[in-house]
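Have a look at the structure below, then the notes.
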Amino acid sequence: MSGKSSLNEALVLTLCVTLSLIVRFAVLLTKPSFVVAGDSGEYAALVRELVSNNFAVPSKNWIYYPGSSWIYPPLLLEIFALLTKIFGERGLTILHIMSVFSVTVDSLCVIPFYYTIKRLFGKASAVFGAFLFVGYYPDIYALTWGAHPQIFATFLLLCSFYFLVRAVESQSLRFFAFSGLTLSLISLSHDLTTFVALSGLGVYFVTRCIKAIRTKIVDKTLVGVAISLAIFLPSFGYWYLPRLSWVLGVAFSAQSAGFTPNFSSFVGSVVQPLGPVFPFLLLLLLLFSFLSAKKLSRMEKGEGVWLLISFVIGAFILMLFELKDVVLATRLSYYIFLPAALLVCFVNRKRSTLFALFLASLLVLNVAVAVQANSRAHTYFDECFECDSRALVTQMRVLTWIAQNVPRSAVFASAGELGYYIAGLDGNPTLVYHPLEYLTQPQEKAESLAAYVLVYQSAQNLSLTMKYVFLYNVSYVVVYNPVVQTPCFYEAVYKDSTVTVFRVVHDPSCVFSQQTM
């Protein structure tokens with residue numbers, strides 16, 4: 001019987017992973033710009049740096065915001081750099097590698113998701129959870145804006161959940177050690193997931209310490225969590241302590257004027273594609289939360305459940321701490337959804353056939369909504385012409401022209417995704433204008449403002465334009481059509497239906513005559 005059960009389990013997981021791949025690729029194919037827009041261009045620029053630097057992590061960036069400190073955990077970017085080196089560096093290879101890799105890894109999340117639920121609630125709940133993850137909206141949504149390190153770290157976090165749940169239920173120090181190793185990999189993969197993991201495990205450790213003080217007994221679980229932290233913290237310290245000033249700057253700097261209106265806008269951008277289905281899905285979440293709560297109140301394996309609840313609390317604490325920063329606060333919601341999704345996957349095997357059909361219908365609806373919603377996921381892609389797949393064709397033309405006619409050492413200034421493509425696909429150092437609330441270093445913000453002046457206000461403030469040209473040694477400026485007024489020392493060298501590329505000509509007489517006019 002055990003052999004047949006294992007075979008059935010393997011078939012279920014194979015089916016769910018396959019369906020996950022189909023759903024996620026379907027989402028990307030319905031909107032090709034998902035492959036290239038969002039954060040993908042930034043990661044491509046960082047990958048290009050690693051490839052150009054023989055995989056060594058530089059202390060200072062020289063392609064991505066030249067002169068800024070390298071702050072991104074390098075593990076996944078090194079994997080991308082290796083794959084890029086294997087499959088080639090031409091065209092959109094880097095972007096396609098990242099998308100295919102992330103879709104595959106996110107689909108494989110079904111496996112630790114399944115086994116964690118099986119450990120807590122049994123096989124019936126695990127099967128339901130595996131099919132639920134096929135259309136797991138938060139991850140599919142994250143794929144549409146290129147959250148590649150977050151997706152990779154989510155897989156590692158789910159593996160860590162499994163090791164921790166198994167460890168606290170079996171009192172196995174070996175699995176505590178495995179969880180510590182997995183958390184160490186997270187610390188070298190994605191910063192936000194790292195701090196969520198540290199916060200969640202910290203909450204659980206504190207509650208175990210309180211219990212030990214009250215009972216005056218140091219049990220094996222407390223020792224195991226200490227072992228997990230002891231393995232996790234050295235890698236955390238290795239990467240983040242040298243960058244402590246950046247970590248504190250991000251944590252304590254207010255990025256947005258007010259949380260409430262920005263949060264409402266964020267909720268609207270997420271909920272709008274779901275339309276009238278969203279209240280129904282919210283009701284579904286409440287229903288299964290209620291069912292799970294009833295089950296948890298009389299569970300034998302309550303320690304594993306409390307462990308996951310600790311991670312929900314840890315993420316929520318960080319969210320409350322970062323309410324002033326709408327970008328961080330809303331991204332932290334992903335880490336509340338993940339353990340919560342595990343907790344609500346309780347299915348009582350004694351329920352009626354009608355109830356089983358009801359669950360099956362909800363699973364089908366869940367996948368359908370995920371595909372429909374993400375095919376036009378957030379309004380940014382509908383409002384941003386440069387992110388349209390048709391614009392990408394012309395962008396590839398200018399990128400090809402740059403690769404053939406401009407030396408790699410020439411510094412560019414550009415705006416939008418194209419600036420990141422120039423850095424990531426052509427390998428030229430590039431000042432990119434990007435909304436400041438998404439940037440975390442003073443150097444990045446200064447260069448972003450410089451790019452804004454050089455691209456959009458070059459003729460309005462000649463002295464400032466000249467200052468930035470000489471300060472950053474800018475040789476080329478890329479401006480989207482229709483072209484705004486430009487100074488006389490901007491010489492057009494390339495033009496198509498989308499952009500114009502200007503070469504900066506150092507002609508003092510031209511500048512003097514324009515200033516005196």
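Even glycines carry a Cβ here, placed using N, Cα and C.
On a predicted model such as this, the values are computed, not experimentally measured, just so you know.
Nonlocal intrachain contacts for the transmembrane segment (61-83), taken as residues 6+ away from its ends with a CB within less than 8 angstroms of a stretch CB, comprise 42-43, 45-52, 55, 94, 97-98, 101, 148-149, 152, 185, 187-191, 194, 239, 243, 246, 411, 420, 423-424, 427-432, 440-441, 443-444, 447-448, 472. Under the heading transmembrane segment, TrEMBL lists 61-83 (among others).
Mean pLDDT for the domain 'Glycosyltransferase RgtA/B/C/D-like' (73-235) in this predicted model: 92. Per TrEMBL, the feature domain 'Glycosyltransferase RgtA/B/C/D-like' maps to 73-235.
Feature annotation from TrEMBL assigns transmembrane segment to 95-114 (among others).
According to TrEMBL, the transmembrane segment annotation covers 120-138 (among others).
Within the chain carrying the transmembrane segment (150-168), a Cβ under 8 angstroms from the stretch's Cβ atoms is held by residues 76, 102, 105-106, 108-109, 112-113, 115-116, 119-120, 139, 142-143, 174-176, 178-179, 182-183, 185-186, 189-190, 192-194, 196-197, 201, 221, 224, 228, 303-304, 307-308, 311, 331, 334, 338-339, 342, all 6 or more beyond its ends. What TrEMBL records for 150-168 (among others) is transmembrane segment.
Residues 71-76, 149-150, 152-154, 156-157, 160, 164, 219, 221-222, 225-226, 228-229, 232, 235-236, 239-240, 247, 306-307, 310-315, 317-318, 328, 331-332, 335, 339 of the same chain, all 6+ positions outside the transmembrane segment (188-210), place their C-beta atoms under 8 angstroms from a C-beta of that stretch. For 188-210 (among others), the entry in TrEMBL reads transmembrane segment.
Same-chain residues lying 6+ beyond the ends of the transmembrane segment (222-241) with a Cβ under 8 Å from its Cβ atoms: 73, 164, 167-168, 171-173, 175-177, 179-181, 183-184, 187-188, 191, 194, 197-198, 201, 204-205, 208-209, 211-212, 247. Feature annotation from TrEMBL assigns transmembrane segment to 222-241 (among others).
Residues or ranges marked as transmembrane segment by TrEMBL: 274-293 (among others).
Sequence-remote contacts of a segment are chain residues at least 6 beyond its ends whose Cβ falls under 8 Å from one of its Cβ atoms, and for the transmembrane segment (305-321) they are 120, 161, 164-165, 168, 195-204, 207, 251, 296, 299, 329, 332-333, 335-336, 338-340, 342-343. Positions annotated as transmembrane segment by TrEMBL: 305-321 (among others).
The transmembrane segment feature in TrEMBL is assigned to 327-347 (among others).
The annotation transmembrane segment is assigned in TrEMBL to 354-373 (among others).
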